[in-house]
Amino acid sequence: MERKEDDLKGGCWNQPAVAEEFETLKDLAMDFTVEDWKDLESEWDQRDLFWDVTLNHYQDMFSFTDTSQPSLTSQPDVREELEATSTEVPETKSSPLQSGFVEEDFSQIMEIFSNGQLNFEACIGEDWLNSFLGDPESLPRPDISDKESPADHQSPESKSGLSPGPPLCTREDAVMSASPEKTLTPVILKESRSDLSQEDSVQGHEKPYKCSECGESFSQSHHLIQHWVLHTSGEPPIWREQQRGLSQGAHFPMCPGTPASYESYTCQECGKRFSQNVYLQWHQKIHTGEKLCKTQSDSNLEGLSRSPSVEPGKQRLSKDTDSAKPSTIHGQDQEKPPTGESRDQENLHESQPGDRPSVLHPKPLRHQKTPTNAKCFRCKKCGETFSGAFHLAKHQRAHAQRLYKCASCPAVFNLSKHCFQHRKSHFPSAACECQGCRKSFNWRSSLIKHQAIHKGEKPYKCDECGKAFNHSSTLKIHQRIHSGQKPHKCSECGKAFCRRTDLTEHQRVHSGFRPHQCPVCARTFNRPSHLVRHRLRHAEERHFGCAKCKETFIYKEQLERHNKIHTIEGLYECKQCGEHFICRSTLNCHLSIHIRENTSEKVVGQNSQHTEKCFKNTKCRKAPNHSRYLGQHEKIHAQVTSGECDPCGETYDQSVQPICHQSICAGVKPSECAEPEKCTRNTSASEHHPSQREPSFKCDIYNRAFKQRAHLSKHQLIHITEKPFKCNECDRAFKQSNYLIQHQKTHTAEKHFECSECGKTFHQRSCLSKHQKIHSGEKPFKCGDCGKAFISGAQLIRHQRIHTGEKPYVCQECGKTFSQSSCLTLHLRIHTGEKPYTCGTCGKAFAQRANQRKHERIHTGEKPYACGLCGKAFGLRTHLQQHQRIHTKAKP
């Protein structure tokens, strides 16, 4: 519909049937604070550009589509261009609004713009105007009469009852005085162009704004601008469209910058570019570590509420405002600071009598958001900081008492959802089952993660070592190995771990909680992996076999370690004696022997890296090769250090001689003790008489006590009558798998370990080491009572039972006692009638191997025992002893 010229001259600019879509002046508001403009003072081109942007929008409001617009980047002087703009508007007969508006009203507006007489605060916004002009005091402002009633200056549209659209200003701001003699009626628009265009585009699904880079279309122009930021280089498509003259039919919002300087501010640290210096300063706070965590809204509101009324035309700015505000065009944020901080509060004060009324409507107060990298919430108990209050509340539950307990196991939790998730582990769901390996899971997400193993997908790769992982969380845990980060620390011993699960499993060592139990032998474990490894021994799943000696193993690493035996030399060599070892841990244990024997500086210097792993006790000469064993050994000295014998008055160190010295002097046997079931039977430093120390771990069957849980577990194997480990060659059964492995080596024909002195071969390296001590004459284990030395510690223990008279092994059939378990085993064959050893010549069976060997000498004629006087030889040692009595004339 066309509009008459007399209507325009009369000031009726907003008729209900308007064909042309106008923008509200509010959409042109660009609010900045003084701090923002100070950052842009050095860039005078930016000031000129913002003037050009404002004038161009006003020309779009009051001109026609075929009106040529002046260039935005070619205006040397702002005031000259403003004056020139008011006179360069052409006349077009095809437009009904040209003559009246362009000649009179628009020329008046341009004249007021150029002369600086227009009250911009009533049109644009005081925050934007003061920050735009720099110094608020340097702008000449007209005086608005306080005596005039606001109702006298209302527009005809407002009086006629027309409902305006988005309000641009209050009705008191309807009069904009250019001078006391000259007034200009403002434009009160019914709807803004952005609102109309948005409504039309939604109804018609039109997307007129198209990106020239990728061809994507948008219904709103600001969406196109936000999309263009994704393209790393080049100028905005809006500028290219305007340069080609293609934007006259559609309105594009203006960007706060020219195409040449769209992203002219570059960060020196990371190379990121920004369109304004204030955004660059916000971004640089990430590199400097500066964190503005305190919300300024409360302090701003308090400061503004107490501030006195300002004079008309003066600027209202809070002194507490310290954060810049990005420019807005058409109500859209052109760019947001990297820290995620919201815009400052504006128009917080209410209008006072005599004050100039506010232009824009007050907006609700919004707090600034905390930066994403800031941690402003601190726990009062442990001092740990968090970025949000929710995370702090979640962390504080860890300090509180755990309330949720699982009904199926002793596990407790501090969150109900964790307890619910744990309870599902006791009832696995059949729906979440892997079709490849038939493994079931409690959650579908766990099934999806597991299926990635079968697919072989490892998208997450470590930059340090190149190792790939299935999940990003696994990669983060792996990267802690390179960085050395161990955030999870044990409160009992101070040991740190990379993963929380490792800390949980470690804490079970202090608490003694072993939730994983073997259903076959009832043995408990504190880790599920240990239980899985243990159950493989019951199943006898030995998939890895040696190609040379046909020996089988459960794990692949055991086979790799075994293959090193067939090599000529071991990988690790001792620098002191030249002995080779397959494992480094075995070499470290061997080096501890040299360190105990020779404490010279030369030995310590040559093995400096290994001596750190050897821990020596200051009270005795015992030096275990691990700190854990040293800590267990030092507990003996902490509780019991020495004792005194009443009959003889002799003092002794019970850590070195743990056998009860009083029973030796008095001749009291352990069977005569008041509590024979608690008497010790060996020289282990962890098992003492109850008069010296009270162990904490007790056996329920024999009521026997032990100091360490491992000793109790080893003792409980005696009560287990079942022998699940059977030999396939001779059907012999064993209680432990290691005994079966040692036994199976006797059936193999190869003996890989050969003695270099006598050429004798052995199945195990430990047997060879014991045998070599015979040639060297080394007997490190010495009896403290008679001074007799032995090669091994087991021989010393058996010998010391002669002095104490201890016979802990009792036959259940006849009650006979024995000092050694092997003697009890041989004795039990009398009751059972078992004779496992058979002569290969005559088929005679024997209960003991020694008797079999003696019998075989009859068939072979071997006589190894010869008399030293007459040279006569005998097949048995007893026959030689009887013959020697002839020469000595001794009577039996």
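Sequential numbering from 1, following the chain as shown.
Every residue gets a Cβ built from N, Cα and C, even glycine.
Straight from Swiss-Prot, the features:
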- 23-101: domain 'KRAB' (DOMAIN)
- 66-76: compositional bias 'Polar residues' (COMPBIAS)
- 66-97: region 'Disordered' (REGION)
- 84-97: compositional bias 'Polar residues' (COMPBIAS)
- 134-203: region 'Disordered' (REGION)
- 138-156: compositional bias 'Basic and acidic residues' (COMPBIAS)
- 190-203: compositional bias 'Basic and acidic residues' (COMPBIAS)
- 209-231: zinc finger (ZN_FING)
- 297-308: compositional bias 'Polar residues' (COMPBIAS)
- 297-370: region 'Disordered' (REGION)
- 313-323: compositional bias 'Basic and acidic residues' (COMPBIAS)
- 332-353: compositional bias 'Basic and acidic residues' (COMPBIAS)
- 432-454: zinc finger (ZN_FING)
- 460-482: zinc finger (ZN_FING)
- Lys476: SUMO2 cross-link (CROSSLNK)
- 488-510: zinc finger (ZN_FING)
- 516-538: zinc finger (ZN_FING)
- 544-566: zinc finger (ZN_FING)
- 572-594: zinc finger (ZN_FING)
- Lys602: SUMO2 cross-link (CROSSLNK)
- 725-747: zinc finger (ZN_FING)
- 753-775: zinc finger (ZN_FING)
- 809-831: zinc finger (ZN_FING)
- 837-859: zinc finger (ZN_FING)
- 865-887: zinc finger (ZN_FING)
Taking every residue in the zinc finger (753-775), the average pLDDT works out to 83
If you draw a 10 Å sphere around the Cβ of Lys476 (SUMO2 cross-link), how many other Cβ atoms fall inside it, taking every protein chain shown into account? 13
Within the same chain, where does the zinc finger (725-747) have neighbours whose Cβ lies under 8 angstroms from its own Cβ atoms, ignoring anything closer than 6 residues to its ends? I mean 6 or more beyond. 537, 540, 551, 717, 763-764, 836
Mind checking which residues reach the zinc finger (753-775)? Cβ under 8 Å, same chain, six or more beyond either end. 742, 745-746, 791-792
Take the zinc finger (432-454) and find every residue of the same chain, 6 or more past its ends, with a Cβ under 8 Å from one of its Cβ atoms. 421, 424-425, 470-471
Sequence-remote partners of the zinc finger (488-510) [C-beta within less than 8 Å, at least six residues beyond its ends]: 477, 480-481, 526-527
